[in-house]
Structures are given as C-alpha cells and as structure tokens.
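For reference, the structure is listed below as structure tokens.
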Amino acid sequence: MTATTQHAPPAALPATAPASAHRTRKAARRRRLGACGALMAPFFALLVTVFLIPVGTAVYLSFHSDDHPGLGFGNARTVFVGVRSYTAVLTDPTFLSGLGTVALYCLIYIPLMVLGSLALALLLDSGVVRLRASAQLGLFLPHAVPGIIAALIWLYLYTPGISPVIELFAKADITIDFLGLHTVLPSIVNIALWSNLGYNMVVFYAALQAVPREVIEAAVVDGAGPVRTALQVKTPLVRASIVTVAMFTLVWGLQLFTEPMLLSQSSPMINSRFSPSMYIYDAAFTRNNYSLAAAASVVLLLFTIALSYGVTRWTSRLDRAEEASR
Amino acid sequence: MPGRQSRRSVLAAMAALPLAGAVSACGKGASTASGTGGTTRITFWSALRGSQEVVDEFNRTHDRIQVDFQQIPSGNQGGYAKLSNAARAGNAPDVATIEYPQVPGFAIDGVARDITDMVGDTLKAKLLPQALGLTTFQGRTYSVPLDVEPMVMHYRTDLFDQYGLQVPRTWDEFAELAHTVRRKAPKRRLVLFPTDGAMQFAAYSWQAGAQWFDTSEGAWNVSLADAPTRRVAAYWQKLVDDDVVFMNGVESRQSDAQIANGLVLTRLSGAWDAGAQMRAQPGLKGKWRIAPLPQWDEGRPYVGTHGGSTFAVTKDSSHPEAAMEFIEWQVSHPDALRARLSSGASSQYPAVPGLVPVDRKAFDASYYGGQDIYTLFDEEAHKIRDGWVWGPRMTATGKVMQDGFARVSGGQGTLIGSVRAAQDGTMPDLKALGLSTTQRSS
C-alpha cells in the first residue's frame, strides 16, 4: 500500500516531462517489477511443483485407467475412461462412510479445539495464571512432537495390556476400552487436541495482545468483571483469528490420516478405509487402483474447497448481518 | 535410467539371447544373463520358510540355471505391495510367490504371466486338479501351486476326554457340542469365530457350496451373499448370539492365550496349521489331535481350503523357461521338499500328492500322539470342492468383511450384513478397473 502511494505522484505528472525522466521512471518500474518477480518466484515455483503439478497429475490419472475388457486377464492398455472412476468412488459405500467419519470427527473436534484453545488464551491473557511463560511453553510443547510420534505415544497409552492408564483404571475396578466401537473416534480427537491445542492457543494469545489496552480499561471502568471482559470484549475483537483457526482445523481434520493409520494396528474398529485419506492410500497401494485413488483425491479436494468456501461465506455474511444490526 | 529395464528392452533382450552378454551390460534389471558358460541367472522372491534351503539345493544340483533368492515380508505385511511396485517399475523378480486368493489380482494387473503353454502335461498330471483349478481362469493358467491346504479340525483330545465329548462329524453336532462345552465349562468355548477371518469364512462358505465369484459367463459375477453363504452366516450368527463361541482376532495375543490356557477346544484351519501349532505351542505336545472338518451332508462330503501358496513367472521375466524349470523342480521334486522341510517342522499338504510320503517321513507325529495326519490330509484334500474362484481384489474384499465382523463382536450388525458390505465395497473397485461385472445379491 505504502509503496503505491509513494510512487503515485510522479506517475501522475503530465506527459510533457523530459524524455530522460521518462526513461528513469521506466527503469524504476522495471526494477520494481523485477524485485517483485524475484521475491515471488520461490512461492510460484513451489506452488507449481508441490500443488499444481500433483493436482494436475491426479486429475489426469482420475480420467485414465487400464482397460480390462471382459474378465481382465488380457493385455491392458491405458485409455481415457471418462468419469468411470468418479462413478465408482461416489457409489462406494466405504468411501462415503469415510466422509461421514471425518464429518463426525470435525463436529466433535473443531468446537472442542476452538473453545479450548480460546479459553486457555483468555486465561493466560487475563493474568490469573502465574508463571505465564512456562505455562505457555508446557502447553505448546506437544505441538513440537511430530504427529507420528504423538500417535505412537497414545497408542501405547490406549493398548490394553501395556497401558499404565488402563491398568490404573482396572485397579479401581473400571474396565475401559479406548479402542472400542464407540470410543475410538473420541480417542483420535483426544490425540489431535493434545497435539494442537497449544499451537492454536498461541495464535489466540498473540491476537489478544493486539487488543488495545484502552478498550479493556474502558470496559473495566464501566464495571465489567474479568469474565465479562473476556467474553464480551476480548472475544469479539479476535473474531478473525477464530475464523482462521476454525478453517485450518477443518482443513486438517478432513485429511485425517496419521492417527487412525497407526491406531488401526491395535484396533479392529479402525479399518483400512476409515477416513477418505486412508481410503485413497488403500486404493493406491493395496488395491493397485490408481485411477480410483486419484478420483477419490480429487473428490476430497473439491469437498475441502467447498466446505472452506462455505465457512468463509457464512462468517462474512454473519459479519455483514452484525454490522447491519448496529 | 540405469538399473531399470523397460518391458520393451526386456523383449529386445529375449530376442537377442545369444548376445546376452552384450545386452546385460546395458542394464541390470529383473534378471541378468551372465555370459559365462551359458548360465542363466534368475531371481526369486518369497516369504515362505525354507526357501533359502530350497534355492541352495537347486543351485547345488543345477549348472545351467542359478537362482538368486530374496526373502521378502509375507504378502499382507508388505510383500504384495513390494511385488506390485517392482512390477510397475519394471524390475519384478522372475519368480514370485503368490497365495491363491491373490492370484487373479496379480494376473489382471499383468504381474503374473500366462504360463498355460509352459505347464507341461507331466506336471499337470502330478498336480491335484482342484489346486491347479484355483490358478486357472478361462483355461489360462497363471501360477503353479506349491501346497494346497484343506480345512481340518484340530481338537484338544485331553479336554474332550475330560468332559466326555465326542468328535463332531456334522455341523449340527458341532453346534450342539458348542452348547455342551459352554454348559460343562463356562470359561471355555468350543471354538473361536475369528473377526480377522474372512478367509476362514470363505472356506466355510466354499464347503457349503457357495460361489462368491463366477467367471463362467465371461464376466465377474459377484454373489457373496448366495444361499449357501447365508446358511453359513446364519449358523455362526446363532453360535455368536448364544455366546457359545469366542469372537476376537485369531492373529492376536488374545487368541494365543486362549490356546495356551486351554480355553478353546478346537481350531478350524488349514492342514499347515498343525506344524505352525507345534512351533508356537511346544508345551501342548500330545494334547492335540486332528479330525476332518464337520460336514453339512455326510453323504456328500466337501471341504474348502485355508492357506497355500503358488509360484508365478512374472511378465517382466526375461527367462521364463528357466523360471518355469525352477518352479517345476520346486513344487514336484522330492529333493526340493526335503530341503524345505529341513528348515523346521511343517505340515503343509503338497499340491503334488505324490510327494506325501516325503512329507509323512519328515513329519514328527509325536506332537499328535503318533496320529497319521497325512493320511487324513490326503483324504480331506480330495474332498476339496472343485470350481471355487477367488475374486480380483480378494485382500480388499476380505478387509471390508472383517471390518464388519469386528463390529459384530462389538455388538453392532450381523455376519451376513458384513458379507453384503464386503460385496458393496468390492463392486466399485472392480468397476473402476474396467472389468465386466454382474452381481447377484440376495
């Protein structure tokens, strides 16, 4: 913004300016564009290599497949098959149930995550907690543990026979099965919460630091208690962060893979097509059905884009409605 | 691309066999023909125990062909993924080991070569026809069976004596017995219904006359929930509902403990399991015996199979004749079997029944109180119902079914529901592969 305003006046000069000045201006613009290009190039290079090319390949693969006429024992050729793989994916009950599973997972996980990390951030911001720095570090630390290690730790805590937690409960005569039919999803939510709560808390905490102190002081002077200040003054002011966190959590949640993949070794309740990402993995690497896997990936991508778009539209409409009501 | 060989270069290499020395200098791929003395080198992958011993024996007794062996993980532990990926990359071994249920899948994927014209009449005559039938589709053969494993009933003779139980001969007697065991010994159960046992369930259905996959009309007709399967599912559902059988994974510590502590009185599994049991539970020596699997109709006895492996020549192999010679020796020569058995106790039933005397001689029957188990296996193997066809994506079909079984053990759904779910989860796969399919579901 500032750059444009600074350079705007010379550009507005009348065309009768000397030719030399014109050249300098042109050179300056070229330099500016050059610098701009140089700075943006790494981003575009990465965008192309790690996003556009893979997506393009997936789209291509999803429309092509080996042609297996009859029983399929003859020689196969790769041909264009139209939407055959898409029809297969969308009529596959195991894929649809995977979508249902992540939808349920997101319904449990996102509210818990957003509310939990926001509450922690408000608590830290209110100054009630002593040793704020160490509390923050302690909460953030699990995020530094890679997802696969986290899943391994929890796998150990969840597996009957080796888990000290289950043993402890057993001593109190409580049988608990973390990997049972109805408990396995909450168990996965728990792992994700443990890993990401601290990170999102830091995001909220940073946003809260930016809330002008005079606003809060004014609220206090007006007689708002600490709870009221937190809920009715601070929270509305960090709305943008809440939306961002919810969005990122949603996108991550839809790609659920590591935790169930690892837990599936210990629980028959997690099958090889538990989530869409696991379905894709299974389709490609155990069923050798690459075009099916590609079609499922594209469907998942579109589903994710549609949901995030929906969330953005919904929140911006809420914003507008709120402004209108003021 | 050094180290890789495209299909075309393999073909070129075949055409230029006399110049093999020169060609092999261009790239080291699936196999290399070394120029020295006309020795052909082929590669062989297997997860089977005793394969190294077999290969050593082959290399000792053969000059013209030499085999490089690589031990790989068993199929579902990554062995099949390794084979598929290698075939995709064009560096599959010359000879691969594939279990029966996966043969159609690897044949469709173009990993296993059509070897119909290479399986000689002498070998064909030696093989149990039902075994060869499982690797042959529309008259084309894709692999050669090593062993074929009729399902039998292993039982605890000491506990049967202790409770005064009779060995059941029919499934009705078996169900009755399950209730008796529950009554007489509330902590014990007659048998385990394995939640990870789609292959066991397939064997039960096969015995009852089911035809999950049928290729006779030029398309894959899928009917997992046909009448015989519904009968089998209803039978086991009743036993599960009455709480007279255990229901958990068989490949689990829980199941090991049930066997070690004598909580389970019978095991229904392939003939091979007799040897596996000896290695896993040496302490139970003398307590187990083996009987035929219970029958639906004693007048017309049938069994299905559970387990067994086959050898395929891969499409990428540049020495299919040499590979075939090695396979034929491996499945039919007594020296090969002796070498395999030297690696430890095994109770496999050979797909070449002529080798049974070799197996019987090598097998230490003292674990089974001196019972002549091979005579029993021989009788049972000839009862294998002919005409069963495994599906094009059997691992995946089985996994979906097992997911359902696991839910049943958690109190949700039914066995027949799991079977139907497996069919519903299989059809999209087959359609996406472009296979002609029809389905009958009821």
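For all residues, glycine too, the Cβ spot is worked out from N, Cα and C.
As given in TrEMBL:
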REGION    A:1-22  region 'Disordered'
COMPBIAS  A:1-21  compositional bias 'Low complexity'
TRANSMEM  A:33-63  transmembrane segment
DOMAIN    A:99-311  domain 'ABC transmembrane type-1'
TRANSMEM  A:102-124  transmembrane segment
TRANSMEM  A:136-157  transmembrane segment
TRANSMEM  A:237-257  transmembrane segment
TRANSMEM  A:290-311  transmembrane segment
Non-local residues, at least 6 beyond the ends, that sit with Cβ under 8 Å of the transmembrane segment (A:237-257): 102, 105-106, 109-110, 113-114, 117-118, 188, 192, 196, 200, 203-204, 207-208, 211, 215, 275-278, 281, 300, 303-304, 307-308, 311-312, 315, 319
The transmembrane segment (A:102-124) touching the transmembrane segment (A:290-311) per 3+ Cβ pairs under 8 Å rule: no
Long-range Cβ neighbours of the transmembrane segment (A:136-157) (under 8 Å; 6 or more residues past either end): 120, 124, 163-165, 178, 187, 190-191, 194-199, 201-202, 205, 258-259, 261-263, 265-266
Outside the transmembrane segment (A:33-63), six or more residues from its ends: residues with CB under 8 Å to it: 80-83, 85-86, 290-291, 293-295, 297-298, 301
